[in-house]
């Protein structure tokens with residue numbers, strides 16, 4: 001029992017002695033390493049040889065892409081490693097001490113910065129400790145939220161792919177003093193973004209010569225390639241715009257008598273203007289390229305604007321004043337003949353044929369009316385009823401040998417009657433008959449003028465219907481072509497639709 005307790009106490013004392021010796025070795029090692037160490041001195045064995053620094057990064061998150069200010073915000077961990085000739089020791093002389101850590105400013109480290117930084121502090125990294133092992137290998141892993149300037153190409157927005165460069169290099173050391181070598185970027189810990197899909201982050205090492213110095217300045221450039229996810233913009237911008245474009249076509253289906261054709265066109269035009277303002281708020285104020293969605297909105301606004309102009313013409317045709325003159329011959333030929341035939345449109349009542357009355361030929365003349373004046377009054381009144389309404393539409397039907405009534409009207413003799421109705425003197429007889437004949441002339445002329453005015457108005461209204469139908473077909477085809485042609489012109493349209501809308 002006493003022997004076992006003694007063994008436990010011996011083991012505990014040995015472990016405490018080992019810890020105390022290790023802490024003593026670390027303290028001694030730190031003193032030896034920083035003794036006569038100058039953090040401004042480049043840690044190489046031969047000053048004529050460059051110090052090789054390996055550089056890489058680990059992308060964790062794409063935090064924001066500011067299209068208007070053209071700034072990319074990312075969460076990145078930098079990875080830098082080099083060999084410090086003055087920070088080496090023999091592990092056997094310092095047992096248990098394999099690695100040591102030095103804070104910022106105590107040992108030398110490369111001054112690698114982001115060249116295209118858009119941050120106010122320029123250096124956005126958090127200065128962590130430098131990890132050093134016994135062979136002098138130094139590893140520096142500073143994390144940071146980087147804001148870099150990036151040219152945002154909005155040519156294919158919202159089906160665009162952006163390429164933002166992150167250029168890193170030493171600020172004060174040239175290629176003869178510091179040899180910067182690239183290692184592949186790490187995206188194993190990347191957190192997916194709701195707005196962007198990370199395509200890749202390839203890197204490239206290059207050297208650049210400046211006018212101040214003869215030596216080259218190496219740099220490592222990583223290109224963050226990302227594709228915009230279009231589901232949000234499709235549901236909030238594209239689909240509403242397509243629906244509004246379809247509403248613009250309803251202007252041509254709305255009857256002209258409703259009085260709302262112009263109002264509908266102006267409302268659709270204002271709706272598109274609101275969507276254009278939404279796009280302008282997020283797009284950069286650049287004249288290098290016009291966004292794809294802006295092109296689509298502009299084409300749609302042109303269609304709606306032209307529809308409003310055409311609607312004004314249609315309303316002018318529909319409400320044309322008959323006293324303003326008849327339709328020009330070329331307008332009648334183009335609209336009422338060619339376009340109406342092409343659109344398979346016919347005038348209202350054009351196919352209606354009045355039934356022919358099967359009666360024997362009756363010749364009614366004013367002479368017979370005059371002869372009937374001496375007859376009983378009922379006979380003369382019955383004949384006078386037809387005298388007043390003969391030729392109301394300005395057409396006089398010639399008598400036929402088989403039937404005396406054609407197209408629902410009596411075939412009257414055009415010789416003596418027309419002479420009387422157009423100012424001829426009635427035969428001598430009853431003066432009341434002359435007054436009645438004068439009233440009949442006035443009524444016939446009045447109805448004839450009304451029929452002519454109605455015919456002119458009907459002709460203009462039919463022309464308005466033809467223009468409406470023609471513009472409906474033309475604008476529908478143009479809208480479909482613009483929608484398919486503009487949106488599908490994006491290089492990755494199919495990929496975006498298959499991934500985001502599937």
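Quick reminder: no glycine exception, Cβ is built from N, Cα and C everywhere.
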Among 213-233, 234-254, 318-338, find the range that Swiss-Prot records as transmembrane segment.
234-254
According to Swiss-Prot, transmembrane segment applies to one of these ranges: 148-168, 169-189, 190-210, 295-315. Which one is it?
295-315
Labelled transmembrane segment by Swiss-Prot, one stretch among 262-282, 346-366, 367-387. Can you tell me which?
262-282
State whether, in Swiss-Prot, residue 436 is on the same side of the membrane as residue 125.
no
Under 8 Å between C-beta atoms and at least six apart in sequence, can you list the same-chain neighbours of residue 212 (disulfide bond), or say none if there are none?
none
Spatial separation of residue 133 (N-linked glycosylation site) from residue 44 (Ca(2+) binding site) - C-alpha basis, Å
16
Candidate with sparsest Cβ neighbourhood (10 Å radius) among 44, 150, the listed recorded positions
44
Looking at Cβ-Cβ distances, which residues of the chain lie under 8 angstroms from residue 210 (Ca(2+) binding site) while being 6 or more apart from it?
217
